[in-house]
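**Q** Mind having a look at this structure? Questions to follow.
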Amino acid sequence: MVVGNKLQVLDALDVAKTQWYHFTAIIIAGMGFFTDAYDLFCISLVTKLLGRIYYHVDGAKSPGSLPPNVSAAVNGVAFCGTLAGQLFFGWLGDKLGRKKVYGMTLMLMVICSIASGLSFSSNPKAVMATLCFFRFWLGFGIGGDYPLSATIMSEYANKKTRGAFIAAVFAMQGFGILGGGIFAIIISAAFMASFHAPPYEVDPVGSTVPEADYVWRIVLMVGALPAALTYYWRLKMPETARYTALVAKNAKQAASDMSKVLQMDIEAEPQKIEQEKIRYGLFSKEFAKRHGLHLLGTTTTWFLLDIAFYSQNLFQKDIFSAIGWIPSAKTMNALEEVYKIARAQTLIALCSTVPGYWFTVAFIDIMGRFAIQLMGFFFMTVFMFALAIPYDHWIHKDNRIGFVVMYSLTFFFANFGPNATTFVVPAEIFPARLRSTCHGISAAAGKLGAMVGAFGFLYLAQNKDKAKADAGYPAGIGVKNSLIVLGVINALGFLFTFLVPESKGKSLEEMSGENEDNGEGEAGASSSSSSNH
C-alpha cells in the first residue's frame, strides 16, 4: 500500500484526536435521525386516536378503529417515501456533494412534519389523504438523511473511533423514540387534566372530546422542531474533505476547509489528485469484482434485520394489550388510550431500545462491526424462538413479566447488534464517489424489509380463526407461528453477515481500495481486496 500517495488532508482527518467538532457533527447529523424516529414511531400512538375520532360507529361495542387499508396506508406511506428518498438522495449526494443535499432533506422534513399535522377538513377521507400525502414526502426527506448522515459522519471521523461516531448518529434514533413517547405522555396528560371524559363503554360519543383532534396534530408537528433548530448549523458545516478531494477533485478547497475544522495548517496537494487513472462506475464489472459481494452483504443483512425489527415494533401495542399492560380499549377514553400506549412504548424504549444503541457506540471500535452483528443476530434468533415455541406458556398472567423481559432482550440485541452495524458498515467500505449511493441502496433494502415486516406481519399475525381476527382482516397464521418465521429470518441474517468485511481501525481509503487506484492503477488493487477479508 502506498502511504506516500495519500492526501495529507485525509491523513489529518484519520489521525485527528477526538475533539469538539466531532461532537457537533454527531448532534447535527443525529438530529435528522431524532426526527426520523420520532415521526415513524409517534404515528403508532396516533393511529388509535385517529380511529376513534374519524371512524366512530354509533352503537358499536368497541371504539372506532382505522380500516385495514387506511391503517396500512397511514403507517406505510412514510416507508415508501423513505425508500424512494434513500435511493434518490443517496445518488444525488454523490453527484452534487453531501452538504448541498443535506440542507434540502432537512427542509423537506421540517415542512412536511408541520404539514402532516395540518391535514385539513373534517371528512375522514380528506384528512387521511392529506395526512398520507405529507407523510410520503416526509418519508422522502427522512430517506435522504440516512445515506447523507452516515456518509458525512464517516468522512469527518478519525480512524480509531469512526464506528462509534457513526453509531452515535444512529443512536439518536433511540432518543427520538423516547422523545416521541415522553411528549405524547405530556400532551395527553395535559389534555386529560383539562378535558374530562368518561370511558367508551359509559358514553361512546363523549369519551372522545372534540379537543382530542388537536392532540395528534400537535404530536406530529413537534417532530419538526429539533430538525429546524439544526438547519442553520447544517448550512455552516463545510463539505467533507473526502468528497471535495476525491470526487470533486479540488484539493485546495479540501485543505482549506479542513484547516478551519481541525485548526491546523494542511497543505493542498493537487498533484496527487491528478494521478488517478481508473474510475469504475456502480454497474461496472470492476465494481462487481471488488464490492459486489459487499453490497450484497450490506443489502441482505439490512433487509432481513428490518423485517424482524419493524414487525416487532408493530406487534408492540398488540403484545402489550395481550399481556395486559394496556387495558381493553372500551374501558378507556380516547386520551387515556394515547397516554397508556405512549407510556408502555416509552418504558420499553428506556429499558431496552436506548441502552442497546449506546452499548454499540461503546463497543463497536473494540469488538468490531462483524462480531457485534453476528452476536446480535444470534441472540435475536435465540430469543425469538424462546418466545415462539412456548408461546402458550407466556400468555398466562403469571408469566407476563418474563415475556416482557424476553421481548426487551430481543430489542436490546437488535440495537446492540445489526440495527446499528448495518447502518455503520455501508458508510465505510465503498469508494467515496459511490459511498452515499451504496449506503442509500443498502438502506432502501432495509426499508423494503421494514415494509414486509410491517405489512406482511400485520396480516400474518392475525388469529387463525377468521372470527377472532381483527375487524376487516383475513385469518392469519397466529402470533406464535409469526414469531417462528421471524426466528428463521434472524438466522438467515446471521449467515449473510459473513459477506460483510470488517472495517474496524482501517482508513476509508484502505477499505475501498482507493489508495491503490491512484498512483499505479491496477498494481496495488489486488493486494487490497485480498486483505479485506
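Placed from the backbone N, Cα and C atoms, the Cβ positions cover glycine too.
The feature transmembrane segment is assigned by TrEMBL to 20-46, 101-120, 126-144, 165-194, 214-233, 347-364, 370-389, 401-420, 440-461, 482-501. Taken from TrEMBL, the feature domain 'Major facilitator superfamily (MFS) profile' covers 25-505. The annotation region 'Disordered' is assigned in TrEMBL to 507-533. The compositional bias 'Acidic residues' feature in TrEMBL is assigned to 511-520. Among the features that TrEMBL reports, compositional bias 'Low complexity' is placed at 523-533.
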**Q** Against the transmembrane segment (165-194), which of these stretches has the most C-beta pairs under 8 Å: 126-144, 370-389, 401-420, 482-501?
**A** 401-420
**Q** May I ask you to check whether the transmembrane segment (214-233) and the transmembrane segment (101-120) make contact, with contact taken as at least three Cβ pairs under 8 Å and only pairs 6 or more apart in sequence counted?
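**A** Yes, the stretches contact each other.
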**Q** Taking residues 6+ outside the transmembrane segment (482-501), which of them lie with a CB under 8 Å of any CB in it?
**A** 293-294, 296-298, 300-301, 304-305, 307-308, 311-312, 315, 369-370, 373-374, 377-378, 380-381, 384-385, 387-389, 391, 418, 425, 429, 457, 460-461, 476, 511, 532-533
**Q** Which residues of the same chain, at least 6 past either end of the transmembrane segment (401-420), have a Cβ under 8 Å from a Cβ in it?
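**A** Those are 167, 170-171, 174, 301-302, 305, 308-309, 312, 319, 323, 325, 348, 351-353, 355-357, 359-361, 363-364, 372-373, 375-377, 379-380, 383-384, 386-387, 394-395, 493, 497, in sequence order.
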**Q** Mind looking up the mean pLDDT for the domain 'Major facilitator superfamily (MFS) profile' (25-505) in the predicted model?
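**A** The average pLDDT of the model in the domain 'Major facilitator superfamily (MFS) profile' (25-505) works out to 84.
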**Q** Counting CB pairs under 8 Å, which listed stretch among 101-120, 347-364, 440-461 touches the transmembrane segment (126-144) the most?
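**A** Most contacts with the transmembrane segment (126-144): 101-120.
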